[in-house]
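See structure below.
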Amino acid sequence: MKARPAYQVFRVVALTVVVLTLVAPLLWMISASFKTNVDIYDPGKALAFSPTMDNYAKVLQQANYVEFIVNSLWVAFAATVASLFLGVPAAYSMSRFNMKKSALVVLMARVIPGVSLLVPWYYVFSNLKMVGGFGVLIISHMFVSLPLVVYIMMGYFDSLPEELEEAALVDGLTHVGAFRRITLPLSVPGIATAGILSFIFSWNNFMFALVLSDADTKTLPVAIFDFVGYASIDWGGLMAAATVVTVPIMVIALFVQKYVVSGLTAGATKG
Amino acid sequence: MATITTPTTEAPRGAPAAPGTPGWLRWVDEHRKWLFAAPAMAFVAALLVFPLAWTGYLSLTDAEGSVRAESEFVGLRNYLDVLSDTERFWPAVGRTATFTVVALLFEVVLGMAIALLLWRPFKGQRWVRVAILMPLVATPVAVGMMWRLIFDPNIGMANQLLGWFGIGPQPWLAGQHSALPTTIFIDVWQWTPMVVLILLAGLTSLSEEPQEAARIDGASTWQRFRHVTLPLLMPTLTVAVLLRGIDALKTFDILYATKGRGGGSFHEVETLNVYAYGLSFDYNEYGVSSTVLILFFLIIIGAMWALTARRKEAQR
């Protein structure tokens, strides 16, 4: 079907406005990270300015950002791997045996406000001398990513025909063997989706790390937050710090957008 | 793989493992239903059930200062205090409701409009989708910081833009009355794309026939949207509202990143989540904060229940 020319023009204009609104602020943040604080203030230098790397040098050297980047990477990676390890078999079982109530328990974690768990967690984990360590951060981030993995993978396993496993059983494999040798390899796209989304959400998580990390285990979002609270804000440095945490995750999303989109829309069309 | 076509495909669920497998493997195989699900469930339950029960208990005590400190059982006193607190609690409830309802309204209407614009394939669609993805994956705290600079009353780009149109500077996040609308704007900026993606997935999965039939019957574009597309899209729309609604109710990162403790000096963006966080970790009033959290939790469950009831109705 062919749309009318007037609509075509309207659509181009409207979508241009949408794209600019969504992307321009992020470009503004990135450009500000290359400006001196004087240039940020100057509207005449909005686009034409001489870029400086000073903000990045300052952030990366003085504020130990390299350490925080490594912390964030490690926590997000470990939480993702552990969530996949626990979540994929669970989702398989819940999908094949239709364990709706069990699935609900896991998905409750999505609904509960994180603050209501933080006080008891803090109490228990500080008694176990774990607060401020990586273990507690990874566990708390898993609490975010595991329900995500279960939710995405349940939908994925629902759509995988059972006949393939049955054929493998006839060929003499055990159920677990059929899961490992047939179902898992076929689920790689779903696992990729779940893993990427889990990584993104863990990378972006703020509240849990704000309470449960200490100076050595701080993740990037918390480190950025520390930038403010001084009397005057070093805007150039702050924007460099914000760019350091945001841009890598955006670049990843750019390359694997198919998986990110299917993860974010998982279950949506089934009603 | 000729075996697939043989008529012996009746290996049913729970059938014994193939002969010749060792005993322990057979046991694992027979109990795989729970062996697979148990670790994940135990993990979530341990981190969920005990803390919730404990929060429920704390809400009945006067715990304060340190969770280790002696605390006394005070019955429902915290609940009476909180429910009669018109200075912090009820305004926070109001802000939470305003934030959620207004943000959700904008996100759904704008999301629907953008999804409809993107529905039919066109050149460059891929790039528009990439652009839509960017706010979604951007780190919320960094997003908060970014908008703090853009909305800075003195040096921010927002007021410079307004200046070009001859409009005077606005206080944005700094204003007592403009802070909440501004944070709603930021939430709409970041999360409308989510609604767009979900609705777009729903639109793409719709069959073309009802559209064609309505067109042949001479229905206008609006009539087709109102009477064909929208009803068919209703289940997807409810999922989008449910997912976004829960997250909007729980918004924390953007509010705390832009306004800090207490939601600003006049608590202008203090929602229930920010209020409860402040009570717990800035003032260590564990008893009261637990009470607020239990009430907050009940509100969320209530909202979810109302929405899923609505969803079941829509499916009928």
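Glycine is treated like the rest: Cβ placed from N, Cα and C.
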- Message: Under TrEMBL, the annotation transmembrane segment belongs to which of these stretches: A:50-71, A:182-203?
- Response: A:182-203
- Message: If you count every Cβ pair below 8 Å, which range out of A:73-92, A:104-124, A:130-154, A:182-203, A:235-256 shares the most with the transmembrane segment (A:12-34)?
- Response: A:235-256
- By a Cβ-Cβ criterion of under 8 Å, what residues six or more beyond either terminus of the transmembrane segment (A:235-256) are in contact with it? 26, 29-30, 32-33, 35-37, 40, 54-56, 58-60, 63, 65, 69, 72, 192, 196, 199-200, 203-204, 220-221, 223-224, 227-228
- Message: Against the transmembrane segment (A:73-92), which of these stretches has the most C-beta pairs under 8 Å: A:104-124, A:130-154, A:182-203?
- Response: A:130-154
- Which residues, given as numbers and ranges, are at least 6 beyond the ends of the transmembrane segment (A:130-154) yet have a Cβ under 8 Å from it? 71, 74-76, 78-80, 82-84, 86-88, 90-92, 94-95, 103, 106-107, 109-110, 117, 121-122, 187, 190-191, 193-195, 197-199, 201-202, 205, 208-209, 212-214, 216-217, 219, 263, 266-267
- Other than its close neighbours in sequence, what residues sit by the transmembrane segment (A:182-203), given a CB gap under 8 Å and a spacing of at least six beyond its ends? 72, 75-77, 79-80, 83-84, 87-88, 92, 141, 144-145, 148-149, 152-153, 156-157, 160, 164-165, 168, 173, 220, 245, 249, 252-253, 256, 259-260, 262-264, 266
